[in-house]
Amino acid sequence: MPRREMMKCLFVSESCVCHTDLAIKDGVLPFPLPAVLGHEGSGIVEAVGPGVKHLKPGDAVVMTFASCGHCASCEHERPSYCLDFGAQNYSAQRADGPVLLSQGDEVISGFFFGQSSFSSMAMAREHNLVKIDALVDDAPIELLGPLGCGVQTGAGAVMISLDVRAGRSFLVLGGGAVGLSAVMAAKLRGCSRIIVSEPSAAKREQALALGATEVIDPLNENLVERVQQITEGQGCDYALECTGLVSVMEQAIDSMAMRGQLAVVGVPPKLDATAAVSPLALIQKGLKLMGVIEGDSCRVYSSTSCTRSSRLGVFRSPR
């Protein structure tokens, strides 16, 4: 990572917290501690290196994940599947040095997702910054950070990975930021039914406010039976699993319609968790099961689809 590509970014508010940050804090995902985490940041560019071409001091930006920019995946606009994704986002230090963070003689891990945005200042490459243009110039910049991870994961899964079509039914499992972003995207795509399964009553209410047509309390209702009831025995055409719970994923498969498509974005609490999937069920129903990272998004998607939709009032901050 050439030093000339680096830039300094001044954050105007605290970065948002993602479950990935919490997973590292709790030891679920490996990352050397102590560390400065954070990867849903937004702010104002303060200074740029001589190699920066498209950004200047004063520009408002959203920070997203890092990628190498030159492997086969990156060249085909699939940077979330960068062949060097681990090193780019979880290496804890810049590849070219020097050490960015320290306390006394102790080195502090940083450069998390190419940014470490839980700080007043952060260093990032131009490649993983998205300039906020006039389409959202009236939106508080501190609300735009999730566009770089949570929102693009949920919305991208709907618009890119699943390519959800109008008039179809869509099931969201988990009503957090990712799931609610998927709800808004499904509404934008014109889904006839948007069903959200979420144990929190407050989140179920929020899902309805953002476009869900029905909600399910999985703690007190049978998920598969309710989906079949709502869809008149057809099952759902599309589903997005956001919880990371194996049992929920298995129920999602049982809730699918013929030729249904299920995308999985939730990381399980135990990384070695496995799900019981019947090959016969997949064959008989013609199901498609896919894993998705960052909503298959790239910088182009983040800067156009999400921001334009935000201007139209489709994407609202799930406060």
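Note: Cβ is positioned from N, Cα and C throughout, glycine not excepted.
In the three-state DSSP scheme, CYS18 (Zn(2+) 1 binding site) is classed as coil. Taking a C-beta cut-off of under 8 Å and a sequence gap of six or more, CYS18 (Zn(2+) 1 binding site) has these contacts in its own chain: HIS39, GLU40, CYS149, GLY150, ALA177. Annotation source Swiss-Prot lists Zn(2+) 1 binding site at CYS18, HIS39, CYS149, citing similarity to another entry.
Residues or ranges marked as Zn(2+) 2 binding site by Swiss-Prot on the basis of similarity to another entry: CYS68, CYS71, CYS74, CYS82. The Cβ of CYS82 (Zn(2+) 2 binding site) has 22 other Cβ atoms within 10 Å, all protein chains considered. DSSP assigns CYS82 (Zn(2+) 2 binding site) to coil, not to a helix or a strand.
Each of the binding-site residues CYS68, CYS71, CYS74, CYS149 was ranked by the number of other C-beta atoms within 10 Å, and first place falls to CYS149. Within 8 Å of the centroid of the Cβ atoms of CYS68, CYS71, CYS74, CYS82, where the record puts Zn(2+) 2, the same chain has further Cβ atoms from SER67, GLY69, HIS70, ALA72, SER73, GLU75, PRO79, LEU83, ASP84, PHE85, GLN88. HIS39 (Zn(2+) 1 binding site) has a Cβ environment of 27 other Cβ atoms inside 10 Å.
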